[in-house]
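Positions annotated as topological domain 'Cytoplasmic' by Swiss-Prot, on the basis of sequence analysis: 1-28, 105-111, 185-190. Taken from Swiss-Prot, the feature region 'Disordered' covers 1-21. Under the heading transmembrane segment, Swiss-Prot lists 29-49, 84-104, 112-132, 164-184, citing sequence analysis as support. Summarising the annotation, Swiss-Prot assigns topological domain 'Extracellular' to 50-83, 133-163 and lists sequence analysis as the type of evidence.
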Amino acid sequence: MEHEGKNNMNGMEMEKGKRELGSRKGVELTMRVLALILTMAAATVLGVAKQTKVVSIKLIPTLPPLDITTTAKASYLSAFVYNISVNAIACGYTAISIAILMISRGRRSKKLLMVVLLGDLVMVALLFSGTGAASAIGLMGLHGNKHVMWKKVCGVFGKFCHRAAPSLPLTLLAAVVFMFLVVLDAIKLP
């Protein structure tokens, strides 16, 4: 009689463990899909930001200003290109990691978990560095630099700045999601 009670208890504990494991996998999958969406959106938003405007430049005070058509694009700034590239890499990695984790549902080895953990750590570093680089250039465009006489770019290309700006918090959120994934990965390691 006592033996049956222990078996029932073990069965109930096993069922509870399976539910917790399943819910953890569900949280991980949800977070990876969120990271995929955030990185894709950040790369797209910054990649398509563009504005063309006619700018008047006065070369000599006695002559009339010269009107020049100028375009502001993310591809003209290496920090923005880096941020787009980092987001594209993170997006691709996330898609691959989702596929790998879906294929290896119940058969996740310690090696696979370690590879995913390291990949997630690399994505955290890349996304934070991309955010930092793009933020530095964005602030330079927003405020200029009086010491080297760089003018505010966002005063001239306001639409470009407003279109490019949302990519920074999206990238930052993606980095935070990857940080939580690193914590989840570390918890899963025995």
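Even glycines carry a Cβ here, placed using N, Cα and C.
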Given the model, what does the mean pLDDT over the topological domain 'Extracellular' (50-83) come out as? 90
Give me the DSSP three-state residue breakdown of the topological domain 'Extracellular' (133-163), ordered helix, strand, coil. 17 helix, 2 strand, 12 coil
Spatial neighbours of the topological domain 'Extracellular' (133-163) far in sequence, C-beta under 8 Å, 6+ residues away: 45-46, 48-51, 53, 55, 72-73, 77, 79-80, 82-83, 171
